[in-house]
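Record features (Swiss-Prot):
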- Cys332, Asp334, His500, Cys515: Zn(2+) binding site (BINDING)
Amino acid sequence: MNAPVTYSASCEQVIPELVNEACERIAPIWPLDRWIAVNPWWGSRTGPVEKVSRELDNLFGAGLLMPPAFYREAWDGGRIQRPHLEEAAREAGLKDDSQALLAQLSGAASNQPGFVSALGYTRRGQQEPPLEEVREEIGRACARYFDLRQNRWRVSGTKQDLYQFWLSQSGRSLARKASVEMLLKPDWQEAAATVARELPYSSRQLPLVIHHLLGHLLGWASWCRGVDWRAALGDPHESGTEHFCAQLATIWLIHEAHALINMTEAERESWQNRYVNAFDLAPASANEQALWIWHRAYELAWQSRFLDDIRSSERSSLAEPDPVAEVQAAFCIDVRSEVIRRQLEKVYPEIRTLGVAGFFGMPIVHHRHGPTDDEARLPGLLAPVYRYSETLGSPSEDRELDRKLDSREQVRESVRRAKYSSLSTFTLVETTGLAWAWKLVRDSLNRNSAKAEAVEPGRLHHCVDGYPLSDPERVNLAEGLLRAMSLTKGFASVLLLVGHGAHTDNNPNEAGLACGACGGKNGGVNARVAAELLNDRQVRAGLAERGIVMPESTIALAAEHCTITDRITIYGRDQVPDSHQRVFNTLVEKLEAAGQACRRERATSLGLNGKTDDDLLAELKRRTRNWAEVRPEWGLANNAGMVIGPRSLTRSLDLGGRCFLHDYDPSQDPSGEVLTLLMSAPMVVANWINLQYFGSVARPDIFGAGNKLLHSVVGGNLGVVEGNGVDLKIGLPLQSVFDGEHWRHEPMRLAVVVDAPAERIEAVIRGNADVRALVENRWLWLHRVEGDQTLRYDDGRWVTT
């Protein structure tokens, strides 16, 4: 083999580090039942977005931009207008020449990678390279290894990591070849070091090669990265696991070395001369620069209107306190909440709505009665701290209920074992088939009514040692929530905490419609935990000592907003005192009216125009339980902006359900502590959501989940494959962003507006590496409000927009 690379330090130490460096470029994914939106380019955030796009184009033939025809259509249709193109060219430091830019749109867009691995190289006499065969072998090995639920015939043995499992299964065929046998070491670190010495890649090139190879099974690479990510956060589901992505990379490297070994000397020389130095990126071509100008003009077409609206909004001065509202309702920052908040304020002027991250600052796992696993209900960026365990009020009652549920589950498990057993699979159908007939008919006729998730009372404990929370800890949680949404005074008689969720049937992607801040779960549980804390007398006494006085006349209630039907379910209605019944009854009436207005507003996008209010609600209810419904709602499609500031900035605006809204009062945060939290957590989560939708539209073949109609679930809840494919699909199904004729999401980077002094925002950028990377490398656009002006952060300075 030509030109093996010599590494200066011990390979056993350096190579695994390089392998892990490559794995850091892969974004993680979560299981279907805990699915959350992820920025597919998160691992590349430290590079400028334009350069990363060029690198990905070189590695995969998959840059970030839409094809030229997309921008041409936007120009011809008037969505992009000349002022937008002029501004985009000016930002790029180029002279506006619309005719030249139009001509460059006609240039052919290359989707061919510049680098081709030895596995992807077609040798003389071959019809195709060995890549596809290897891809299928590794993909099926991953499916067998990670399939812990559906594959009930798997023979249990000694615990193996992924590399060892592959070695004992698929690796045996390679082991028969003497030239490769020396590479097959018993552990992945040693194997990676051995293989890397045999490859002609430098220490700079090796991580790029690994990234390229992992991209051929991006779904499984992302899954392995997710397992590593969750294990690092202490997830009990992933305990005892580590470096799965690195193990997968090592398997790929072994196959790459094998492909090189099989080449003739002439073939190796030809391949190396052509591809090994293909990692040196050429400067951006004129066509590429033009395409970025067109994309920026496409963004400016919406952002300019958005910023104009912010500047001209009818807002009161922060120096003028809002009159005390009759009700305060805190919603998740999710873009779908913008619609219900706007409609609720329209029908109920006495209400004040607020926006806050939908897990309500409760970093919890939820433990239900019976033999169930804990459910994480917090953002994927965080590790759970507390467990919320349901209780009937006494340990004896809890144990009795657990025993009953355990018995039921044992019966169900017996049926499942018979159903999946290799001996009884067919006889079970013959003997019990008729017993399932009524359920089949009932479900086919949509007779099951979808209901909001039941939320039972519970107690908070520490995840690690199981001890109850101390009073100061409970006060900390409550204070953190109230300060996060700048609600520290002027409390209304009713404080409603509204989580949100979606209720669908036969939908593996259901978690993608639920609350991302709650780990792909519905938000009612978190709302209930927060409301219980805020109603606790000892917690209120502790808050008062810290300067937050909640009057005795204020009650906190929890609720959940179904984003498909726009109905809001309030929990604990029977606990509302007589003194609050008038306000409560008014609230219930106004919530129903606001939901009705929301349904009318959404009818056009759902193709349900012309229906009466009753028929519209009935149709949306049907969607929650229809087996065949592929578009129960549009989720967060078309998200484009975020506002971190007082509601007065946006209360007079119709933002079309396109903006994340988080309340923030800069006058209550002189230290900038709250702003740091909001820009480093909710803003990053919004970026993850925004760029997942972006990727699912820009490159649905790579960063999307394909056609829902062809999905097959892998491993019970690992993910989905499309048709007979071998790779997990990441991102969003086509039906979530495309209506059959038009894209329902416009691929734009998030435009964030923050109402805070420049020095406070800049301090957050300096102090947080992730925020700095996203802002300075243009993965999002950051603006601030100053009087009646908006200014954009641009290379360390603020530019008037």
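Glycine is treated like the rest: Cβ placed from N, Cα and C.
Keep in mind the model is a prediction, meaning the values are calculated, not measured.
For the recorded Zn(2+) site, residues Cys332, Asp334, His500, Cys515 set the reference point as the centre of their Cβ atoms, and the other residues of that chain within 8 Å of it by Cβ are Phe331, Ile333, Arg336, Ser337, Gly358, Gly499, Gly501, Ala514, Gly516, Ala517, Cys518, Gly523, His561, Thr563. The C-beta environment of Asp334 (Zn(2+) binding site), restricted to residues of the same chain at least 6 apart in sequence and closer than 8 Å, consists of Gly358, His500, Cys515, Gly516, Ala517, Thr563, Leu636, Phe660. Using a 10 Å radius centred on the Cβ of Cys515 (Zn(2+) binding site) and all shown protein chains, the other Cβ atoms total 30. Classification of Asp334 (Zn(2+) binding site) by DSSP places it in coil, neither helical nor stranded.
In this structure, the binding-site residues under consideration are Cys332, His500, and the one with the smallest number of other Cβ atoms within 10 Å of its Cβ is His500.
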